[in-house]
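Structure, as structure tokens:
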Number of protein chains: 2
Amino acid sequence: MRSQSQSPTRVLGIDPGLTRMGMGVVEGSIGRPLSLVDVNVIRTTSALPVWERLVTIERGVEAWIDEHRPDAVAIERMFARSDVSTIMGTAQAAGVAMVVAARRGIPVAMHTPSEVKAAVSGNGRADKAQVGLMVTRILRLDAMPKPADAADALALAITHIWRGGAQNRLEAAVAAQALKAGTR
Amino acid sequence: MRSQSQSPTRVLGIDPGLTRMGMGVVEGSIGRPLSLVDVNVIRTTSALPVWERLVTIERGVEAWIDEHRPDAVAIERMFARSDVSTIMGTAQAAGVAMVVAARRGIPVAMHTPSEVKAAVSGNGRADKAQVGLMVTRILRLDAMPKPADAADALALAITHIWRGGAQNRLEAAVAAQALKAGTR
């Protein structure tokens, strides 16, 4: 943890979605105040075919990464939801964001909604309003970021910095071991 | 339909998947014998993180499109399945394939499994073996393409040529109309 508390990390948090995709950049290190770099929401219309919406999302994420040059990208890990078509659109938007980061060699990490809620509010079952309020306090903002997708993206970035990327290093080690063992 | 039966179309069919992604290129026109151009399966290992697998898929689709220069890309339209994690991986792989095609300006179309089964076998509830057999006959192949993902990708390409892209033109017209009406 020592080296991480010395050099600040810049993290792009992404709350994936086809209609609204929240992107929030936070900079800082464990044990020091974090700061908001920028926050945005990419919107695409359901009047267009999915592939054109995904191209808009790809360009938006690319432009954002080029502008802010994050050290890592943290994306929400999805689980079962009620509506399958929503899951698919969200998964596609997340997949496109992952590819944009991975092909530039930027480390990608995923955090579940409950990990994010627990990290920012101490309660894995916190509601949207509580998460938004804590993001506002942690980043010392004048107003709560809106829409909720923007606040959620910032919460993901905060979570990633505070978790210190430990989970990610573990996953990388497991993958490397599996490759060595000839699983591939 | 007249102009389409005169100039042959080359279609890349894609059966999306994170572990195995079938890609089949078929050339021909309505009312004439179709021919197999090439068929392949991109495989990625679950030992790697999703984003690295998606980058492999992106590169595979790009290389395939560069080599075969299809006039259109036909992708399987997914519906609810039992396992949510499978849906997400499949949706992500499909999303990446869509983006690769759409950003090069290649028309994308989606066909449901039952549309594909009905088109190649006359029965929307045909099983994998029947689809494989019909693909083998339609393309006059010596053996059934394997694995099933390869045969399914070819079936998608055949379906797209036989349906004449009518559905796609309809969707494009609806999208254009919606944009004009200022929905975006």
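Including glycine, each Cβ sits where the backbone N, Cα and C put it.
Whatever TrEMBL says is automated annotation, not expert-curated.
According to TrEMBL, the feature active site maps to A:Asp15, A:Glu76, A:Asp149. For A:Asp15, A:Asp149, the entry in TrEMBL reads Mg(2+) 1 binding site. Residues or ranges marked as Mg(2+) 2 binding site by TrEMBL: A:Glu76.
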Using the alpha carbons only, what distance in Å do you get between A:Glu76 (active site) and A:Asp15 (active site) once rounded? 6
Where does A:Glu76 (active site) sit in the DSSP three-state scheme? strand
Per residue, counting other C-beta atoms within 10 angstroms of the C-beta, which of the active-site residues A:Asp15, A:Glu76, A:Asp149 reaches the highest number? A:Asp15
Alpha-carbon distance [A:Asp149 (active site); A:Asp15 (active site)] in Å: 6
DSSP state at A:Asp15 (active site), helix/strand/coil: strand
